[in-house]
Amino acid sequence: MKFVPSEFSNSAWDIFILSKEIAQNNFQQNIDSENILLALIKQDLLTSKILKKNCVNIRKIETKLTSLLDAKAKMKNKQKTLFIGETTEKVFLKANDLRVSFNDVVISTEHILYGLSYDEICSELVLNTKKIPEFLELLNKMKSESTINDNFESSNETLDKFGIDLTKSARDGILDPVIGRDEEIRRTIQILSRRTKNNPVLIGEPGVGKTAIVEGLAQRIVNGDVPSSLNNRQLISIDMGSLIAGAKYRGEFEERIKNVLKKVKSSEGKIILFIDEIHTVVGAGATGGSLDASNLLKPMLARGELRCIGATTINEHKQNIEKDPALERRFQKIKINAPSVDDTISILRGLREKYEVHHSVRISDNALVAAASLSERYINDRFLPDKAIDLIDEAASRLNMIITSKPEEIDEIDRKVLQLEMENLSLQRESDNFSLERLKRINNELHDLKIRQSELNHQWQKEKEEIDEISNLKEEIESTQLKIEQAKRSFDLNKAAELEFGTLISLQKKLKIKSENLVDSFKSGEKNLLRQEVNFDDIAEVVSKWTSIPVNNLNQSEKEKLLKLELTLKEKIIGQNNAICAVSDSIKRSRTGLNDPNRPIASFLFLGPTGVGKTELSKVIAKTIFDSNSSITRLDMSEYMEKHSVSKIIGAPPGYLGFESGGQLTEAVRKNPYSLILLDEIEKAHKDVLDVLLQVLDDGIITDGQGRTISFKNSIIVLTSNLGSQSINDLSIRNEDKNEIKNIVNVELKKFFKPEFLNRLDEIIIFQNLELNELKDIAKLQLKKLENRLIKKDLNFQITDEAIDHLVKNSFDNSYGARPLKRIIQKEIETKIANNILNNNYLNKKEVYISIKDGCIFVN
């Protein structure tokens, strides 16, 4: 007989190749029947199923075969070329005889198993010749079809290999409980019970719970909580990616799909398919003119021979399924909306026990409420309940990691002990009095530390054991509850009653006592090394990590920082007290959670002449509040003077160049939502750009070119403008009242900006012209920065009051603000110091002294 791929099915040829590898790894010269049987057991699902039905212990066979192969004679090296053993040839001849009798085209795995039953050694392990009639009868029953071509894989094997039995998972307690969603599950059951077109498709955003609804249906089928038309049905989830993967030859993928469909059809409605991401069936496997999966599904879907549940997102349904009306009409749409915050809290309460058992922690109710509410407010690019569940999962995982790791206090003592022991070894070599005295002190300190170390380690182990005991009890309770459900389903009521009213109650009492003892130890005021409960702060910490937004409760240092915020800003920004008060008040409202959650933290329009501190105040706010200079997004609005500049802000629309890049403003906020947005010189932007900002200022959101909703609800928006600066200058010179200045500037604003734009701003702040004494304070700030730069170069810096007055008088100009002062400091001081450094004038005396000499700045 020929041993070539064309004579075998794919799975049978894979078995032959694997048996060859087993023989090579065992340093054999021949491929024997034992190698074939071991390969079958390891790889073939149908063989495993047949052997299990024949009451054969597969693990024992595998162990016996391994020992038989180890006992065989071995070559010195692995053999590249192997011979077909006599026993193997007999096996394949018998397999071929069965193929002929079944009218199959190629040899498949079940034929090989039949051939092995005639082998002297293998027949003792699996099937002896007396059981061959039973085997043939079993094979006829299990085979739903004959092998029809060289790409045959039985439908049983295909379903087992590429499908997951959700009803079995529900029976085994693997699936999470499904809370709520009764209306959606009822609608799904209603469509499945139709005579034709009984195929629901669940459509919703990612993470709203489409797959969970199908899992809920599987649990209802197992519990018998469904109409008679769905009782005792199998719900099998098919993975389209796995079906396509590995289909090397043309037609192989279609064959796999056909095998699945024929198995479903032959089950006479007992099997319901679930295809997650059902949009993947459109075009799947369509290469070189072959049919795609959707065209293979359509006939059976229309006739009602196949009951299929699909799940996909709104966008994917629109892009793929709606393009094929023939496929779309065969499915009935069920819209799945994201649950409300209250519904999400109920879902989390239902899942709490599963996560507590998995992570060996306790999850408080306020943590569940925080996960739902904080995720809804701060995580805007994902959907409930998925994002809330992820928060709980990560917070519990983080706490579990802390529990299983060494506590920080013990770790610090361990490091200190190691450091002192090294110092001790070093000092033992010394003989002077100082070293001996130091050695004595170290030994005393080491003695105290080791006692403390031992006490803490004992306490840590004790607390850890208590937590582990509670965790083990929860696992036992979960396992007992599963056994009770299984006993009730199999009508073993005696066992169910014994478990429910005996074992379960006993375990619950033990858990209650242990939990109360642990809670009492926390309440007693004892200092505990470990914490077992996930609380609000844990959830807030995870949200902060994800979004960079501080949402945790304010600690004392942060409260002090916010209370002193106004003073801090006044130290860095001179002469603009009204602006500073307005900004600090807005930030205090936001950080204490009193601001409107549906608007930006604050939106300001800074007006005033050039050089009075509009942009500088924005930079100082970003540095002070967000603790980073990178938390400011600055857009120079003179770059947005054309009408088409709108696309630069929010991103180009589909079909235009740069669509994938996104907008300059929207992308910056999407990546860093907790930041300050500075739109400099807003009056220079095109009117259409201002119209785009209306929604941002009012609702705190904007839709970018790619259709994503970008949230500005955690941003401070600052717009600066020079409008009315000439009026402010003229009126300031005449010492006009501030209210008069404000009224005149407002008139100019209304001429330029639309009323709906001005009405959406929180505050319009007018920056006043700088007075001479204020400019002197600014000069001191600038010189302090210079001093800090010189200190890094080991140079001391001093300047006389006369020199400062000289700088201020020579740079004072109402029209230009503080910028001329910066220029004169650069020209008169920094340039001269730079020349002195280059001339090595500071090698001996590391001091820079600035004074006035002959009416000019003199750098000594």
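Glycine residues also receive a Cβ, built from the backbone N, Cα and C atoms like all the rest.
Residues or ranges marked as ATP 1 binding site by Swiss-Prot: Gly204, Glu205, Pro206, Gly207, Val208, Gly209, Lys210, Thr211. If you look up Swiss-Prot, you'll see Gly608, Pro609, Thr610, Gly611, Val612, Gly613, Lys614, Thr615 marked as ATP 2 binding site, on the strength of similarity to another entry. What Swiss-Prot lists as coiled coil is 389-523. The domain 'Clp R' annotation in Swiss-Prot covers 5-145 and is backed by sequence analysis. Among the features that Swiss-Prot reports, region 'Repeat 1' is placed at 8-72. The feature region 'Repeat 2' is assigned by Swiss-Prot to 84-145. Here Swiss-Prot flags 157-338 as region 'NBD1', drawing on similarity to another entry. Residues or ranges marked as region 'Linker' in Swiss-Prot (evidence: similarity to another entry): 339-548. Among the features that Swiss-Prot reports, region 'C-terminal' is placed at 770-860, with the record citing similarity to another entry.
Features recorded in Swiss-Prot, as mapped to the structure shown.
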residue: Pro206; record: ATP 1 binding site; Cβ within 10 Å: 12
residue: Val208; record: ATP 1 binding site; Cβ within 10 Å: 22
residue: Gly209; record: ATP 1 binding site; Cβ within 10 Å: 28
residue: Lys210; record: ATP 1 binding site; Cβ within 10 Å: 24
residue: Gly608; record: ATP 2 binding site; Cβ within 10 Å: 26
residue: Pro609; record: ATP 2 binding site; Cβ within 10 Å: 22
residue: Thr610; record: ATP 2 binding site; Cβ within 10 Å: 14
residue: Gly613; record: ATP 2 binding site; Cβ within 10 Å: 25
residue: Lys614; record: ATP 2 binding site; Cβ within 10 Å: 28
residue: Thr615; record: ATP 2 binding site; Cβ within 10 Å: 18
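In the predicted model, the region 'Repeat 2' (84-145) shows an average pLDDT of 69. Taking a C-beta cut-off of under 8 angstroms and a sequence separation of 6 or more, Thr211 (ATP 1 binding site) has the following same-chain neighbours: Asp276, Ala311. In this structure, Glu205 (ATP 1 binding site) belongs to neither helix nor strand by DSSP; it is coil.
Same-chain residues with CB within 8 A of the center of the Gly204, Glu205, Pro206, Gly207, Val208, Gly209, Lys210, Thr211 CB atoms, the ATP 1 site residues themselves not counted, are Ala311, Thr313, Ile336, Ala338, Phe383, Asp386.
If you take the Cα of Val208 (ATP 1 binding site) and the Cα of Thr615 (ATP 2 binding site), they are about 43 angstrom apart, rounded to a whole number. Of the recorded residues, Lys614 (ATP 2 binding site) and Glu205 (ATP 1 binding site) place their C-alpha atoms 43 Å from one another. Here the candidates are the binding-site residues Pro609, Thr610, Gly611, Val612, Gly613. The one whose C-alpha lies nearest to that of Glu205 (ATP 1 binding site) is Gly613. Annotated pair Pro206 (ATP 1 binding site) and Pro609 (ATP 2 binding site), C-alpha to C-alpha distance, rounded: 50 Å.
In the structure as shown, the Cβ atom of Glu205 (ATP 1 binding site) sits within 10 Å of 16 other Cβ atoms.
In terms of C-alpha distance, the listed binding-site residues Gly204, Gly207, Gly209, Lys210 place Gly207 closest to Val612 (ATP 2 binding site). Listed in sequence order, the residues Phe606, Glu616, Thr720, Phe767, Gly817, Ala818 complete the 8 Å Cβ shell around the ATP 2 site centroid, once Gly608, Pro609, Thr610, Gly611, Val612, Gly613, Lys614, Thr615 themselves are left out. Listed in sequence order, Leu770, Tyr816, Gly817, Ala818, Arg819, Pro820 are the same-chain residues at least 6 apart in sequence whose CB falls under 8 Å from the CB of Gly611 (ATP 2 binding site). The Cβ of Gly204 (ATP 1 binding site) lies under 8 Å from the Cβ of Lys210, Thr313, Ile314, Lys335, Ile336, Asn337, Ala338, each on the same chain and at least six residues away in sequence. Counting in whole angstrom, Gly207 (ATP 1 binding site) lies 42 from Thr615 (ATP 2 binding site) by their C-alpha atoms. For the binding-site residues given as Gly207, Val612, the lowest number of other CB atoms within 10 Å of the residue's CB is seen at Gly207.
Here the Cα atom of Gly209 (ATP 1 binding site) is found 51 Å from that of Gly613 (ATP 2 binding site).
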